[in-house]
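Contents: one structure, followed by commentary.
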Amino acid sequence: MRKSVVAIVGRPNVGKSTIFNRLAGERISIVEDTPGVTRDRIYTEAEWLNQPFNIIDTGGIEIGDAPFLVEIREQAELAIQEADVIVFMVNGREGITGADEEVAKILFRSNKPVVLAVNKVDNPEMRDQIYEFYSLGFGEPFPISGTHGLGLGDLLDAVVGHFPERAEMVEDEETIHFSLIGRPNVGKSSLVNALLNQDRVIVSDVAGTTRDAVDSTFTREDQDFVIIDTAGMRKRGKVYETTEKYSILRALKAIERSDVVLVLINAEEGIIEQDKKIAGYAHDAGKAIVIVVNKWDTVESDEKKMKEFTDEIRAHFLYLDYAPIVFLSAKTKKRIHTLLPAILTASENHAKRIQTNVLNDVIMDALAMNPAPTYKGQRLKVLYATQVAVKPPAFAVFVNDPELMHFSYVRFLENRIREAFGFTGTPIKIFPRRRS
Ligand code: GDP
Ligand code: GDP
């Protein structure tokens, strides 16, 4: 199911990042007394009334040296584009300013629900000051205090009340959702076009309410696929779309909705630091991953070259050793037929369940072959294992003392499980649990 997205908008210094941090439940971005301080994180998960959602702090998208009003207008536009519900934040101590009215005008033209939050209402006596904010035209203003954590419950009740119906957000389980991530110009849009124009692909353009208008749906041999849009693919134009933070935000949003993430690398230019950062997001999110080396037409291609490139990728992306590598050209369509089978396999493995008895046969064989080591005179005892989750597959391993289960032994068990069940394309997780 897709999670709802909430964006916080408002002019600088009203307290957006303070609230963002509070809702995120941990201090993850920097708040200082100077406005416009750089924030390291602008997208995070939160939860209210058992409903998980994501929050964007639009104040964190800074647009070079754009004039003040251009910047806040762009931030409001971004909120309208990306969010299901917008929290419009103003400062209860300063009253309505011209900049607030600018933001209001933009939000008013959109048809997204807006909840008005009046921040810095630090004590009950100040509540009388909120009435002037009715004139902004967004109904009842919610008084809050970011510093003291007041009023957030009522605000969140209102926000959650505007979330789209759950039924609208359910995505078909059988359909494989995938996204393409990679730095600008790596060939994301070219590859989407190439996939949609392939033989035996039936492209449908039914714009369901559950889908972003820019997602592309197609069917191949009775399997439905949805390509989730990322920044590189939509038509460019808005100023904020050129900022790095925005492209990261789009990538995170797309990754989150994906079953499989294609990490694109440019064969012409090789691997750069940014590629690793981007791939790291997909890995951390526990998604199935296929590494795609695009622009393979620019390389004098032979087996040796492919081996060299594979070695280079493996050396740079140690943690992605489970991800298959596909070499292709979006431009000439060379080898493009190898991509969908790789996506399919990764997706199947991501959702795969192993029966407990079969799993334990493998674990017991592994133990016999390589008995658990002793640590401080104590020996690890592995009792049994069971799969506790899919997407990605996760295994609980019951042991006498989790402290005795070292990283290297977890790694050993993971390798055995992979050898036995072939989890190509998906990360798997192993959690030691105590059972005496
Ligand atoms: P942003 O630019 O909108 O993200 O604003 P910040 O979150 O960086 O906050 C700007 C300043 O207002 C900081 O000095 C905060 O400590 C302060 N601030 C935030 N929330 C409150 C509040 O509820 N009451 C008071 N008195 N100050 C606050
Ligand atoms: P995006 O920014 O990641 O969406 O990249 P684009 O799809 O816009 O492609 C960037 C540039 O790379 C364009 O000039 C494409 O024609 C070119 N390109 C894309 N795929 C290939 C490929 O497989 N081979 C070659 N030689 N060029 C490609």
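Every residue, even glycine, has its Cβ placed from backbone N, Cα and C.
Remember, it's a predicted structure, so these values are computed and weren't measured experimentally.
According to TrEMBL, the protein has these features:
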- 10-17, 57-61, 119-122: GTP 1 binding site (BINDING)
- 182-189, 229-233, 294-297: GTP 2 binding site (BINDING)
- 4-167: domain 'EngA-type G' (DOMAIN)
- 176-351: domain 'EngA-type G' (DOMAIN)
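In the structure shown, the C-beta of Thr58 has more C-beta neighbours within 10 angstroms than that of any other entry among the binding-site residues Thr58, Asn185. On the 0 to 100 pLDDT scale, the domain 'EngA-type G' (176-351) averages 86 in the predicted structure. Each of the binding-site residues Lys16, Lys188 was scored by the other Cβ atoms within 10 Å of its Cβ; the lowest score goes to Lys188. The most crowded of the binding-site residues listed here (Gly10, Gly182) is Gly10, judged by how many other CB atoms sit within 10 Å of its own CB. With respect to ligand 1, the binding-site residues Asn13, Lys16, Thr58, Trp296 contribute Asn13, Lys16 as residues with a C-beta closer than 6 angstroms to one of its atoms, given in sequence order.
Only Asn185, Lys188 of the binding-site residues listed as Ile61, Asn185, Lys188 bring a Cβ under 6 Å of any atom of ligand 2; the order follows the sequence. Taking only the Cα positions, the spacing between Lys16 (GTP 1 binding site) and Gly182 (GTP 2 binding site) is 30 angstrom. Of the candidate binding-site residues, Gly182, Asn185, Lys188, the one lying closest to Gly10 (GTP 1 binding site) when CA atoms are compared is Gly182. Among the binding-site residues Asn13, Val121, the residue whose Cβ has the fewest other Cβ atoms within 10 Å is Asn13.
Long-range Cβ contacts of Ile61 (GTP 1 binding site) within its own chain (separation 6+, distance under 8 Å): Ile42, Glu74, Gln75, Leu78, Tyr240, Thr243, Lys245, Tyr246, Leu249. Note on proximity: of the binding-site residues Gly182, Asn185, Trp296, the one nearest Val121 (GTP 1 binding site) is Gly182, by Cα distance.
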